[in-house]
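Input: a single structure, listed below in structure tokens.
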Ligand SMILES: Nc1ncnc2c1ncn2[C@@H]1O[C@H](COP(=O)(O)OP(=O)(O)O)[C@@H](O)[C@H]1O
Ligand SMILES: [Mg+2]
């Protein structure tokens, strides 16, 4: 285990942050988790003295944010229409700074296939995969990648629509389940070994990886139930990995974050091959969970930042991709 970076709370006047919308709920399959995340964030920001209000884009049009005088948005939405660049784009148009990654990094990170292409092109390790569009292609992927194989939707989260395929006959059902959630489906080589996750906080040169969490799920099955509702899953942080491994994972995750152009915060999921001890990047979440069970707050706490201070720090980092006025306001030659 390496020494965790010590994070200090940001010195910020909560009132200077203006009227803040905590975006929660939304239209994605992860709506329920988002409501839990948003509720936690809202309470924390209010405790810190921020003028924070809940805002559910499933109940009101997002455009109301501009007319209601919101100065900033804390994005506690997960999945599609929240974590995928769409809400980020709308906030850009309204000129309202928001937490987390910008339009491009959000939408790339939402798509596991696109993310893996970039990581591979940059020489970062990720399990071998095939993008498939039919049962036949899923079977061909199984023949090529070998057993076991993971079949999952490219743009979903919370382990929704995911199957571990151990026999060829399972390919049809696994493909149909994944395709039910997203027409874009990916088959991925299964990495047997330790599962870890590592948050990153900050932007550009100031971005830093937080302590790695080792996740030990009952039966090695870290599914939706175990993620959000089980008391049996163990989260080991400070982690118990062999010396040097934590630092290597932190460096890898920081590179994965920077390569995609992420900012603000994110959390990458990594599998460590039991035989070779090589780490493989699975995905990066640009709007990670912030519930009572969630992993980023757990890791930040070990680094010296409690839940309330973490929320305030993320909010203070809210930004726009493009802080220039919109073209209509600027005028110009066209
Ligand atoms: N290639 C893989 N090898 C081993 N386990 C995997 C693999 N892909 C996914 N998993 C397991 O499934 C979980 C969810 O997969 P992940 O790619 O993180 O998608 P999401 O969290 O968006 O549903 C992981 O946390 C891990 O436990
Ligand atoms: Mg994941």
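Here, residue 1 is simply the first one shown, and the rest follow in order.
Just so you know, glycine gets a Cβ as well, placed from its N, Cα and C.
In TrEMBL this protein carries:
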type     : residues : note
ACT_SITE : 30       : active site
DOMAIN   : 116-316  : domain 'ATP-grasp'
ACT_SITE : 158      : active site
BINDING  : 269, 283 : Mg(2+) 1 binding site
BINDING  : 283, 285 : Mg(2+) 2 binding site
ACT_SITE : 294      : active site
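Distribution of TrEMBL features across the structure.
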| residue | record | contacts (Cβ under 8 Å, 6+ apart) |
| --- | --- | --- |
| 30 | active site | 78, 79, 157, 158, 160 |
| 269 | Mg(2+) 1 binding site | 195, 196, 197, 281, 282, 283, 284, 285 |
| 294 | active site | 37, 288 |
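Residue 158 (active site) has a Cβ environment of 19 other Cβ atoms inside 10 Å. Ranking the binding-site residues 283, 285 by how many other Cβ atoms lie within 10 angstroms of each Cβ puts 283 at the bottom. DSSP classifies residue 285 (Mg(2+) 2 binding site) as strand under the three-state reduction. Taking a Cβ cut-off of under 6 Å from any atom of ligand 1, the recorded positions 269, 283, 285, 294 reduce to 269, 283.
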